[in-house]
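Novice: What follows is a single structure, and I will ask about it in a moment.
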């Protein structure tokens, strides 16, 4: 049996731009892509913390060190600059691999620079303010 599991996520990133007239996708700073083990063209789900919008798209590589999280195409109707979002990538794996797999969890600061890397999808860094862990 195959299971679809959380592969990686970038938690509470700030959207820096939105371009309705682009062909689609989300532009992500190359440093964040590396931290979250994302590659260009990989499918991601974007969850907008501000309004609850949830959408599926693919990643394109943004300028390294820029902090860019750019929403492109029709998704710009749902997600806007300044919104906090979670980018989630899933992977399909055999049951045994899924049970041992540790996802990459990336927390970022207000400028979308990685500040904490982990493997626990429910982990909350000590300096995360009002965020609560479900554990």
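Using N, Cα and C of the backbone, Cβ positions are placed for all residues, glycine too.
According to Swiss-Prot, the protein carries these features:
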- 25: active site, schiff-base intermediate with substrate (ACT_SITE)
- 58: active site, proton donor (ACT_SITE)
- 57, 73, 74, 75: substrate binding site (BINDING)
- 25: pyruvic acid (Ser) (MOD_RES)
Novice: Should residue 25 (active site, schiff-base intermediate with substrate) be counted as helix, strand, or coil on the basis of DSSP?
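Specialist: Once the DSSP labels are grouped into three classes, residue 25 (active site, schiff-base intermediate with substrate) ends up as strand.
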Novice: Enumerate the residues of the same chain, 57, 73, 74, 75 excluded, that satisfy the criterion Cβ within 8 A of the mean position of the Cβ atoms of the recorded substrate site; list them in sequence order.
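Specialist: My list of surrounding residues reads 24, 25, 26, 55, 71, 72, 76, 78.
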Novice: Through the lens of DSSP with three states only, how would you label residue 57 (substrate binding site)?
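Specialist: Where residue 57 (substrate binding site) sits, the three-state DSSP reduction gives strand.
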Novice: Just to confirm: which same-chain residues, 6+ apart in sequence, have a Cβ under 8 Å from the Cβ of residue 73 (substrate binding site)?
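Specialist: Those within reach of residue 73 (substrate binding site), by Cβ under 8 Å and sequence separation of 6 or more, are 19, 20, 22, 23, 24, 25, 57.
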Novice: Under 8 Å Cβ to Cβ from residue 75 (substrate binding site), same chain, six or more residues apart: give me those in sequence order, or none if nothing qualifies.
Specialist: 18, 24, 26, 46, 55, 57
Novice: Using Cα coordinates, what distance in whole Å links the residue listed as 'active site, proton donor' and residue 74 (substrate binding site)?
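Specialist: The Cα atom of the residue listed as 'active site, proton donor' is 13 Å away from the Cα atom of residue 74 (substrate binding site).
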Novice: How many other Cβ atoms sit within 10 Å of the Cβ of the residue listed as 'active site, proton donor'?
Specialist: 14
Novice: Counting across all protein chains shown, how many other Cβ atoms sit within 10 Å of the Cβ of residue 25 (active site, schiff-base intermediate with substrate)?
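Specialist: I count 18 other Cβ atoms within 10 Å of it.
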Novice: Could you check what DSSP calls residue 75 (substrate binding site) once collapsed to helix, strand or coil?
Specialist: helix
Novice: What are the sequence-distant neighbours of residue 74 (substrate binding site), meaning same chain, six or more residues apart, C-beta distance under 8 angstroms?
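Specialist: Result: 20, 24.
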